[in-house]
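Annotation comment: TrEMBL describes B:33-54, B:60-79, B:100-120, B:126-145 as transmembrane segment.
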Amino acid sequence: MSKLDTVIHAPNRLQICAALSTSAELEFKFLKEQLDVSDSVLSKHLKTLEEAGYISINKRSDFARPRSWIALTSLGRKAFAGHVAALKDIVSGLE
Amino acid sequence: MMDKDQHIDAQAAKAALKDIESSQQNLQKAMRLPVWLSVFSSLSYGLIVFSWGMTEHENLWALGLYIGLGLFLASAALAMYSSKLMGLKANLIPKNKSGLLFYLVSVVAFGLLVLGGRTLRLEGFASAPHIAAFLSAALMFYFQYWHPAGEMQRIGADDE
């Protein structure tokens, strides 16, 4: 049975992982607008996820301006899938 | 609520799942291509299927195949470029079960239409390429409009 992941479960981090799970990479500014949070709040959550090894942040220069691209690592995808499975188990009354 | 042992009740779990769903739906909506680009891309794909179905040594439909392919690749490049400008990159390779299932369904559906259109015409059903091209273009538009992330879950499925 899957277990809840406390790193992912915080509301903003849950939404970050959900958005990243549906895409290959998202840019920092785009993610910030999707979540409707400030730069500092997003940076804090991204740092937590990066320290857990769930996301990778690549700074690249696109169209002559620096941009940070964020992607779920394979460990992050696995952890997110496990977290979603755990939530579904709870809802279906298995826990 | 989550307690010390990391247990949450069913209501909180349901709310979390709804948040996930909502976040993924919003992202899919952001990924949706402009309608004109989807129409252009779908029609060029229909041209590929039709031209392939009609191509013979003694006709010029192979030219239609190359033109359709060029237009389709151009529309795909434009879609990727505009997405990159927005700050998002879609999965080109499926990375979860839903994506893999959608990929398989697409390959089978488009494969049957492409091969079916040509094979049936060679068997004597003259309208087969027309029908296959129409269905391919319609299916391409449907997939781009309702499944822009390339996953089985379609936009707005939860609202119905």
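Note that Cβ sites are derived from N, Cα and C of the backbone, with glycine treated the same way.
Counting residues 6+ beyond its ends, the transmembrane segment (B:33-54) has Cβ neighbours under 8 Å at 61-65, 67-69, 71-72, 75-76, 78-79, 82, 113-114, 117-118, 121, 128-130, 132-134, 136-138, 140-141, 144-145, 148 in the same chain. For the transmembrane segment (B:100-120), same-chain residues at least 6 beyond its ends with a Cβ under 8 Å from one of its own Cβ atoms are 49-50, 52-53, 55, 94, 128-129, 131-133, 135-136, 139-140, 143, 147, 150-152.
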